[in-house]
Every structure is written in C-alpha cells, then in structure tokens.
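Working notes for the structure below.
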Amino acid sequence: MFNPQLNANGELQHLLSLDGLPREILTAILDTAAPFTEVAEREVKKLPILRGKSIFNLFFENSTRTRTTFEIAAKRLSADVINLNISTSSTNKGETLLDTVDNLCAMQADMFVVRHASSGAPYLMADHLRNTGRNDIHVINAGDGRHAHPTQGLLDMYTIRHFKHDFSNLVVAVVGDVLHSRVARSQIAALTTLGVPEVRVIGPKTLLPTGLDKMGCRVFHDMRAGLKDVDVVMMLRLQNERMNGPLLPSAQEFFKVWGLTAEKLALAKADAIVMHPGPMNRGVEIDSEVADGAQAVILPQVTFGIAVRMAVMSMLGRS
Amino acid sequence: MFNPQLNANGELQHLLSLDGLPREILTAILDTAAPFTEVAEREVKKLPILRGKSIFNLFFENSTRTRTTFEIAAKRLSADVINLNISTSSTNKGETLLDTVDNLCAMQADMFVVRHASSGAPYLMADHLRNTGRNDIHVINAGDGRHAHPTQGLLDMYTIRHFKHDFSNLVVAVVGDVLHSRVARSQIAALTTLGVPEVRVIGPKTLLPTGLDKMGCRVFHDMRAGLKDVDVVMMLRLQNERMNGPLLPSAQEFFKVWGLTAEKLALAKADAIVMHPGPMNRGVEIDSEVADGAQAVILPQVTFGIAVRMAVMSMLGRS
Amino acid sequence: MFNPQLNANGELQHLLSLDGLPREILTAILDTAAPFTEVAEREVKKLPILRGKSIFNLFFENSTRTRTTFEIAAKRLSADVINLNISTSSTNKGETLLDTVDNLCAMQADMFVVRHASSGAPYLMADHLRNTGRNDIHVINAGDGRHAHPTQGLLDMYTIRHFKHDFSNLVVAVVGDVLHSRVARSQIAALTTLGVPEVRVIGPKTLLPTGLDKMGCRVFHDMRAGLKDVDVVMMLRLQNERMNGPLLPSAQEFFKVWGLTAEKLALAKADAIVMHPGPMNRGVEIDSEVADGAQAVILPQVTFGIAVRMAVMSMLGRS
C-alpha cells in the first residue's frame, strides 16, 4: 500500500503525520535522536551532517517557539536556514502555495519545514514534489491546522521512553482540549503504534472529538477516575481563544475541574511523569505546583525536542 | 566618462542599473554565473569565496522573495548575512538613509543589498560611499522604485543565453505593464546592450511609457501582431494595485486582451521560450496552461537567479 | 558582598549594568576589546571563539540597530545566533518571562542578549538562572527600561580611552535628556568607576533626575557654562516621544537652547571630542555641522561597539 511518507525503499521521505508511520520508522527516529542529546553537552554543539544544505522554515502561521526549535536543530547540523514568514508575503501577492514551493525548489531547497493553518497543506506539498519528480526534497510538518504536529508527538514518545524505558506496560492519559489539538492526534497515533496497551483520553464532552474509541482510546469525563494509576499524564494546552468561548464556562472553572493539581496527580502512580507541550497556561490547565514539581518532565521534553528534530532532519537528509 | 558602477580599473564597483553597464561587464557577469549553477548540484552547496564578509540586506520595502534569493546566494558563498527590515526601524526614529549607511559601514559592512521604494536610493548610497572614500564597500540594487531591478534583468539575460545561445539574431517581446515596471527597464537596457536586433514592447497605451522608440524598441498595441515570430516572450507581472485601477477595466478584461494564452503563444516561433519574473498572477497576465507548459522557462529563471546573484557578489567581493 | 554580575571567582558572569561593576572588570573588557577592533580589518572577519555556541537575541522591545550590533559581534565570533522578537510571540500566549527563559535554556542556550521595556528584567533572568543552578548560561543586558544599557556605556568608555588615553585628568559632560536615558545612567556609572575626576551633567531641570550630586556629578542648567573647557561632550538622544510633550516646548526650541552647535562646542577644549549614542536627531540635539565635523567620534563609537560586544561575549563564553 502506498505511503506518502516513505520512499521506494521504505525509508522516511517526508514527515507529515505520526498516523500511518510504521513502528520501525518511529523507533528508528527515537534511536537516531539519542546520540544527538549528547551533542548539546559538548563544547562545540555542531555536527557537519547537513553542511551546505538549504532548509526553509515556511511559516504561514506565526510560531516563534516552534520555528526556533527547528532553526536550532538545523544549525546544529550545520545547515543553512532561511526563515520565511509567508503570511505577509507572496500569498499576499496572489501566488499559490504550490507556486511558492516550485520557486523555492528552483532555488535548490533541500528541505521544507512547514507550519500552516490548513490541515493537509504539507501533504499537498509532498504530493506536488512527488508528482513533479523531485524526490530529493523533503517536507516536515511543523503543525497543520488541527491535523498533526508530528515532531511534538515524537519528542513526547522520546520523553516517555527516556523515563519509562518500555511502552508495552504503560497506562498513558491525554488530558484536556483534545478536540482542537493537533498535538493530541499525533500523540495518540504514536502511543498506539508503539504498543502502549492503555491510552486514556480525559476531558469534557464538548472538547473531545468523536471516534476516540475507534482509535483505541478509553474515554473519561471524570478526571479523577481517568488519572487513577496512570504512568504518564500528558496535559494539553488550552488555546486562549477557547477560554470564555461557547464551549467553556471560564478559565477558572476549567482549572477547577480539569486543571492538574497535586491533589489530582496523587491519584496517578507514585512515579508517574507529567508532560505538557508548552507554552503552559499556569492556573488554567496546570497548577504551578505541578508544573514546577518533581514529577514534571516538561523541560526535558524541550531538550529532547531539539534532538528529535535533528534526528528527523538527518534521516531525511540521507534518504 | 565617469560611470558610478565601475571603479578606476573599469571593474564592477556597484550594481545599480543595467542601463549604462558596458557589454563586457554584462557578459562577464553571465560568464561568472555559469559555474555557480553547478554549485547547487553538489552535495555541499557552499563555496568559501565570501567567508567572513558581512552582507547587509537593507529592505526599506518588504520583499520576502527577493530578500530570500540574495540571502541564499550570500550564504552559498559563506558570507555572514544580516537582514534588516528598515521600514519599521531607524527611519522611524528620524535617522536619515545616509546616517543608516554610515552606521552600518562603521560596523564594517562589506556589501549592501538594497530594496527601496524611491528610485535612485542605491545611487545616493553609492555616491555617498565614493564621496567618503569607502571604496571597499559595495551596493547592489535589489529594486528601487520604478527605476531598475538589475539582478532580475541579469537572470533574464542568463536565461535567454542559456536557451538561445546567441543574442545577435533574436526577436524578443516584453509584454504588459511596462509603465510601472522596474524589471522592464532593466530588461530593455540589457537586451539592447547585448545586441538583440529587435526588442518589441507590447501593451496597452495606458501602461506603456513614452520614449520607448528612443530606447530602440518597436511598440505594439496589438498582442497578436507583437508576438508574431518572436523567439522570446517576457511577460511582466501586473501589480495587484493596478488591477481595477483607473488605467485598467478589470483583471478579467486584462487577461482577455493581454494575458498570454496558448492560442496567442502559437503566433510566436515554435521554439519560443516564455519568461516571467514572478510571482505570477495566473489567469491575469498568464494562463496556467502556458505557465506550466513546455515553453515556459520560469523556474529555470529562478535557479539562474541564484547563480547570477552569486556572480555579482563574488565579483564585487573581489574588486 | 554578593555581586549578581560576578561568579564565585570574581569573573564576569552576566553583564547587567555598569553600576556595581568593579574597575578591574571594566578595564578588562576594554583591554579584551582592543584586539577585536583589528579583526574587522582582516580579509576574513571571523574568529572561532564561540563556535557551536547558541546565542539568543531576546528582544521584547524592537531595536533593529542594537540587535544588529549584537548579531554581527556574535557571528564574527562564529556563534549560532537566533533572533527572537518576543513582543508578538509567547508572551501573547500567556507564557511568563521565566517560562520562556526555562524553555530556551532547555534548548541549550549559552547566552541571552536581552532588550526589555521593564527595568530589571535582565536581573530577574540572571537571578532565576542562579537560583536554578545554571551557571553556564549568561545574560547580557541590551537595554532595560530607563535603567541601563551597559554595552553602550562600555563602547563610550572605549571611545574615550582610545582618543584621550587616560581617564584620570578628564572633564566629561553628559548633555540632554538624562531623566529618560538608560544610556546616561550607564555612562555616569562607568565614568565614575574609571576615575574621571569631573563628570558634568547638563540639561533642563525637567529632564534631569534628582540625586545626580550623590552620583558625584556637577549639574549645569546652562549649556554654555557646562561645556566650558570640557574634554568630552556626550550628547544624548532626545526621544521622539518627548518632543512636543509636556516637558518640552518643541524640538526647535530644544535645539536653540540645548542643541550642540559649533558655536557652543567652541567653549569646550580645542581638542574636545563629541559623542552620540545614535540614532541622531540632526537639528534637535545636535547640529549637522558638529555631527559631521572633525571633533565628532560618533562613527568610531559604532565600530568600537562591535569590538566591545565581542569582548563581553568572549569573556562570558569563557567563564
């Protein structure tokens, strides 16, 4: 069966989504990332792996934080990075997405890191590259609409493996606004693929999508019941635009019911870890006591995020 | 006679305009660009020619696309590139253009790539550098008002030479809104200097400047008559702000009369090439069938544009 | 006594303010900067001192000019520079300053260059780094509120030493809007520490802070009296937002009374030098005749500014 993310040899050609990515590829990325975590400890944090390659950060939607992580990862691999904030540029001039891609390819781009408000935009780019025979150019999805944010999902898996070593005996809970979260989609796909036996999804009915059971998740509308004896708590960010919106009473109300406090966390296993994709809304989806507490691995997630992005880029640069 | 673009030895000192540039210099730039097109094919797309040089992209007018091409060209020559979008910066603070230049020179700039809304701004900078004896600092005009866009003109010449080999027996048509186009001015100057025997300009009376005949052009107000038996069709971009403006009925009307369709293109020679400076307005000045057709060389133009900019920068870095 | 700018060995740990920095450190920075002024004269303006280090330009307040000087300095030391304009980014998303710092530290930042509208923000960051044991990460204040702009003060001291050789016999005047000037605070602190016997402050009562006498300054409200026989005139920039504000009649009135003209400058010593932190308001705080005259050392200030920033960065990179 055709997989748009793999090349003819079954190697990673584009990173578009964790949904549909074979377990061996997922594991290969995590394995490749491991030595990169040590690069950061060196005096000179640079490897020549992508020297002379041109990587374009195509941000059709502004995200300083995500753009920065990719920029650092690319520079540590010695690539040339060109940042394009396209929201105010060519698309204004009436150029289509694919014309922009064609132009940047003509400038001998090697890799595109794409953030786009429309779900599927990175797929469209990857299709176009394949249809026009440019198999030496790679696309990394840095977040498309509500669809996927695969490098976030990968760094989450790296973090879980780092602290829990083995996926095959874990209970993992994803908590919060799953409905609007591209991060949650990527997490659930990866957890399932990597063999986590129990993936729980916890949130209010208004903020959970339908079909979670078909994705193999157990759904909880009661946070305390859902957190019982879990190994990993993956909190989601509540988007500012949701607060005080029609689906929610208020940020304060949300915190009361769905915010992760020490008291609620005590229901999980004693050695449970707490994750968050950032940026955090302290006092909304997570209490500061937990965010800064001994079980939080939120900052290690960020560190592993650089290594995971270096891994993806180096694998694509090779294929 | 004094030429502000040349130094005392007759070498390129600044690239301000193709108008007034001797044929030998134009040809030398194209010749220098040729091997740079191969750099992009290498595993490591980098040469150490401008290592340690500081190149400032001074964009007083936003243009992600043009800025990107210069940034890539400079990075492939190993220069340090500093991007300055000045529209929202020092000029706000009341500093004059020449004070900004003086300050950046004091930071040991080696080269300025300048985009400015005012025609002549790069000349003003070049004059100021000469008057203050800073002959080791170079200016490249990346588009000034309606005046000139010399690197665009150069990449167009490179493209024509690449596909047609010889300028001395060509009929070349420039089509569209010549009146507002700095690109057209640069193209006509270069075509004439390089010995193209017949340069045609095709467009509605309201969008053609006066004096085209003195520049050696044949003027056509009928597109079909103008395209008859040409070797090269150079389409111009219709600026969005012109559409629906007082000079034009509508984008649809414009396309009907002045848009390049396969039917109109059939009047040109069978092996005619179609060029466009981008970004294209599909369905306005050019039909998608032509833009994506076999005669279009629009993407090679982009590729050659990087090589030509590398050539100009390397020549200036040497003089 | 604890000094937040020094480490346990008394070496520079953070550069937050010139107020409180020991004379030996100030002198060490100036001494370290000296050879860096020669780097700029070389063919390849690059040293490998910070190769592989990640320097983050954190600009919570826009300043293209200052950001550029730090970017150039860091690139000439071969560091990887990541520019973050945070005004429109994470803080929008509700993340706190310290969460942003923690995240960037988790990305293995080595150095932060910080511009912030709030006085004390860089101190807050330095405190946080110390409290969390991250002594290998350094903060450079690039201007915080009205408080300090230490690298500007340092380049001013470098300039004075370059032209006057010895601080111990100078009369130095700081002229203009001292009240709103973080530059003036840094200058006065450094001049005093370096042993300048007479520091004069000249300006209208409405634009001078109280307590200048306690800082060891002689206050003048008459510009001609204040300039009498000085060795160094340090003009301050009049912020645009002050002009026509309640504290001042008009820019023209200000110039008449407080603008530095050739006639007023004639009251200083014949070999007095004139300094300005830029960008200049010609015809407001300084006349063009003086700004472009033989006594002005305003452009050398800019050149020395790069060397001084390289010095600070290289010292921090070592400690």
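Glycine is no exception: its Cβ is also placed from the backbone N, Cα and C atoms.
What TrEMBL says about this one:
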{"type": "DOMAIN", "residues": "B:13-161", "note": "domain 'Aspartate/ornithine carbamoyltransferase carbamoyl-P binding'"}
{"type": "BINDING", "residues": "B:Arg65, B:Thr66, B:Arg115, B:His149, B:Gln152, B:Gly278, B:Pro279", "note": "carbamoyl phosphate binding site"}
{"type": "BINDING", "residues": "B:Lys93, B:Arg182, B:Arg237", "note": "L-aspartate binding site"}
{"type": "DOMAIN", "residues": "B:169-315", "note": "domain 'Aspartate/ornithine carbamoyltransferase Asp/Orn-binding'"}
(message) Is it possible to list how many residues within the domain 'Aspartate/ornithine carbamoyltransferase Asp/Orn-binding' (B:169-315) are helical, extended or coil according to DSSP?
(response) 54 helix, 25 strand, 68 coil
(request) Can you check which residues sit near B:Arg115 (carbamoyl phosphate binding site), meaning Cβ under 8 Å from its Cβ, same chain, 6 or more apart in sequence, and list them in order? (result) B:Leu58, B:Phe59, B:Phe60, B:Glu61, B:Ser63, B:Thr66, B:Arg67, B:Ala142, B:Gly143, B:Asp144
(request) With a CB cutoff of 8 A to chain A, go through the binding-site residues B:Arg65, B:Arg115, B:His149, B:Gln152, B:Pro279 and name the hits, or write none. (result) B:Arg65, B:Pro279
(message) I'd like the per-state residue tally for the domain 'Aspartate/ornithine carbamoyltransferase carbamoyl-P binding' (B:13-161) from DSSP, helix first, then strand, then coil.
(response) 70 helix, 27 strand, 52 coil
(message) Just to verify a number: CA distance, B:Arg182 (L-aspartate binding site) to B:His149 (carbamoyl phosphate binding site), in angstrom, no decimals.
(response) 6
(message) Counting across all protein chains present, how many other Cβ atoms fall within 10 Å of the Cβ of B:Pro279 (carbamoyl phosphate binding site)?
(response) 19
(message) Tell me which of the binding-site residues B:Thr66, B:Gln152 sits in the most Cβ-dense spot, judged by other Cβ atoms within 10 Å.
(response) B:Gln152
(request) Starting from the Cβ centroid of B:Arg65, B:Thr66, B:Arg115, B:His149, B:Gln152, B:Gly278, B:Pro279, the recorded carbamoyl phosphate site, name every other residue in that chain with its Cβ within 8 Å, sequence order please. (result) B:Ser63, B:Thr69, B:Ala142, B:Gly143, B:Pro277
(message) Neighbour count, 10 Å Cβ-Cβ cut-off, for B:Arg182 (L-aspartate binding site): what number do you get?
(response) 21
(message) Can you give me the Cα-Cα distance between B:His149 (carbamoyl phosphate binding site) and B:Arg237 (L-aspartate binding site) in Å, rounded to a whole number?
(response) 14
(message) Suppose you look only at the domain 'Aspartate/ornithine carbamoyltransferase Asp/Orn-binding' (B:169-315); what would the mean pLDDT be?
(response) 94
(message) Within a 10 Å radius around the Cβ, which one of these binding-site residues has the most neighbouring Cβ atoms: B:Arg65, B:His149, B:Arg237?
(response) B:His149
